[in-house]
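The structure under discussion appears below in the form of structure tokens.
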């Protein structure tokens, strides 16, 4: 696989189309695993027809702005991910770019809960921040591991460095912590406390119609964007036999998203305050040790 | 600087100043916090124009995170929760306005009137790498001192702010099992 070519911002619509199509395939396949392949489509159609509810003294600007930002963040994340030999922007600091965007999600989820001026939605919003404070640092150090091994923050270099051996093979702990982070920033599975039923849907409690669709769909897009980045950073990007690079990226992305969604469904919900201790006392040292191993291997 | 980057610079500059003003004009803590976040993010993105990619993106990262944490603290520590109600973002208006205008005139006139030295040498090929070298070589002592002081401040602030510290949790004998309303996630 050769050098990565930046195709420029004119191709952003195509990147958005690819992201949407990949997410549609993933969501349909995930529905099929549950015996209802039409479920995401039916839900989207229902929400599109639903009338928007409003609450008293809602902060519409921040609330609606936040849900609109969720899919935009997903698109900006994949803008630096190489699809085979093409990428929208070949940013020299692609890893940090992704990291900055997953921090923007703190704002997205908190503001989505804040906007409705509803107590339960705000409880959900603060649950997200509590979890985020615990998963973000391990995630950052997990992201640093492939960058250290590739000696570059550019995603093209990270892919090139995995031509011999995928990073997941010798940094499995970083990959596991990274996947935990993806479930965290999409508020899924064990990290679904911000949107769980015990607070009537949490930060999404008052969302309806298009707003709800944007947040729910945005969380799917973010899962796929997170998987696409994980494929690039740990699973060799477009590397693979027979098929062209871009197809391998898409296939691996769909598979990783499906595995993440399926694993998330099988895990019990974690209380936000209990996960905090796990994040700081288990995930963070694990990520740091992994980084130490990678750094020592690189120096030797 | 090309025309396009000139336009981008002025748009980002106007956005940074505009949202900076909005911080004091809006009547909600959430809007003020995130207006400030947008202002900082615009500054961070403007740094991309001078090829400081790493510093620019990290500025956006840190400032978004900071404002999110500020949203936690403002609701935690503001008595009677005015943070959740519409409120004025200014305390006293005349003195700060006089001070702000005075400072602006002082610094602004300084930056205009001072004879600036002409550039000697050329910028490094990779500014991020030279920033890293500066932090890790010549300025290492400063960074080490600053990080220790910052860390001590964080720990001290937490000790002062925490409602339950170790003597509340363990009683007099710190080796006993803690009494917590909810046990932590790692089984303690």
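Cβ atoms are placed via backbone N, Cα and C, with glycine included.
Where the annotation comes from TrEMBL, it is an automatic prediction and has not been curated.
Straight from TrEMBL, the features:
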type: TRANSMEM; residues: A:12-35; note: transmembrane segment
type: TRANSMEM; residues: A:56-83; note: transmembrane segment
type: TRANSMEM; residues: A:103-126; note: transmembrane segment
type: TRANSMEM; residues: A:133-153; note: transmembrane segment
type: TRANSMEM; residues: A:165-185; note: transmembrane segment
type: TRANSMEM; residues: A:220-239; note: transmembrane segment
type: TRANSMEM; residues: A:245-263; note: transmembrane segment
type: TRANSMEM; residues: A:275-297; note: transmembrane segment
Notebook entry, point to check: Are the transmembrane segment (A:275-297) and the transmembrane segment (A:133-153) close enough that 3 or more Cβ pairs fall under 8 Å, when only pairs 6 or more apart in sequence count?
Noted result: yes
Item checked: Which of A:12-35, A:56-83, A:245-263, A:275-297 contacts the transmembrane segment (A:103-126) most, counting Cβ pairs under 8 Å -> A:56-83
Next item on the list: Can you tell me which of A:12-35, A:56-83, A:165-185, A:220-239 gets the most C-beta pairs within less than 8 Å of the transmembrane segment (A:275-297)?
Entry: A:165-185
Checklist line | For the transmembrane segment (A:56-83): best-contacting stretch of A:12-35, A:165-185, A:220-239, by Cβ pairs under 8 Å | finding: A:220-239
